[in-house]
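Trainee: Taken from TrEMBL, the feature oxalate binding site applies to ASN98, ASN108, HIS113, GLU118. The feature Mn(2+) binding site is assigned by TrEMBL to HIS111, HIS113, GLU118, HIS160. TrEMBL lists CYS33-CYS49 with the feature disulfide bond. Taken from TrEMBL, the feature domain 'Cupin type-1' covers 63-214. Marked as signal peptide by TrEMBL: 1-23.
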Amino acid sequence: MGYSKNLGAGLFAMLLLAPAVLASDPDPLQDFCVADLDGKAVSVNGHSCKPMSEAGDDFLFSSKLAKAGNTSTPNGSAVTELDVAEWPGTNTLGVSMNRVDFSPGGTNPPHIHPRATEIGIVMKGELLVGILGSLDSGNKLYSRVVRAGETFLIPRGLMHFQFNVGKTEASMVVSFNSQNPGIVFVPLTLFGSNPPIPTPVLTKALRVEAGVVELLKSKFAGGS
């Protein structure tokens, strides 16, 4: 009798859970799901779909990466993003792209993409590409000068950077396996966070005096 009750309770629990399990489908359920960026629907892993009757016919095409960015910045580089916010047609497809332009000596400073692996190609010039392994790899730095037409690969979540080692302008185009790869710029995050990381935390972590930390914070004031 006890076994029968337990079996019945188990079946009842499975029936209760079944709708939640069956409500998910890992494959696309339509050809396109153009992001409704102004929609009010709750977004868990992507935006709600705009009705195809309102989507037009240009959501599969973009010319945004055709134009170089303005590299007159503190880093001497400019990032042109083409994620779901800029290209709603990528919604739910798990892809996006960036273009990065560099002046001579410009850098794309150490950063992390928490939600995507990156693959890139240098379009012009020559860039020192560095990828930092995790503690498991002994914090090893993998680096190489990558020239026009050559490619590089950066696993998800690993810190990396690019630096223009040439005497002319350089540019690269990268692709991500996420419509919203995210980015964490390490210097900006450490010294320009809002609210700021307490100075004693940084002095202890970086093993420097408080004056050094305050100086670095002043360089990134306002999140720039």
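Cβ coordinates come from backbone N, Cα and C, glycine included.
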Trainee: For the oxalate binding site, please report the maximum Cα-Cα distance among ASN98, ASN108, HIS113, GLU118 in Å.
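Mentor: It comes out at 14 Å between the most distant Cα atoms.
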Trainee: Other than HIS111, HIS113, GLU118, HIS160, which residues of the same chain sit close to Mn(2+)? List them in sequence order, counting a residue when its Cβ is within 8 Å of the Cβ centroid of the site.
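Mentor: My list of surrounding residues reads ILE112, ILE154, LEU158, MET159, PRO181, ILE183.
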Trainee: Roughly how many Å lie between the Cα atoms of HIS113 (oxalate binding site) and CYS49 (disulfide bond), rounded to a whole value?
Mentor: 25
Trainee: Which one of the disulfide-bonded residues (CYS33, CYS49) has its C-beta surrounded by the most other C-beta atoms within 10 angstroms?
Mentor: CYS33
Trainee: Far apart in sequence but close in space: which same-chain residues, 6 or more away, have a Cβ under 8 Å from GLU118 (oxalate binding site)?
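Mentor: In sequence order, LEU153, ILE154, ARG156, HIS160, VAL174, SER175, PHE176, PRO181 meet the Cβ cut-off.
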Trainee: Out of ASN98, ASN108, HIS111, point to the one nearest CYS33 (disulfide bond) in space (Cα versus Cα); all of them are binding-site residues in the record.
Mentor: ASN98
Trainee: Looking only at HIS111, HIS113, HIS160, which of these binding-site residues has the biggest number of Cβ atoms within 10 Å around its Cβ?
Mentor: HIS113
Trainee: Any idea what the Cα distance is from ASN108 (oxalate binding site) over to CYS49 (disulfide bond), rounded to a whole Å?
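Mentor: Rounded to a whole number, the Cα-Cα distance is 34 Å.
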Trainee: Which residues, same chain and not among ASN98, ASN108, HIS113, GLU118, have a CB within 8 angstroms of the centroid of the CB atoms at the recorded oxalate site?
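Mentor: Filtered neighbour residues, in order: VAL79, VAL100, HIS111, GLY120, ILE154, HIS160, VAL174, PHE176, PRO181, ILE183.
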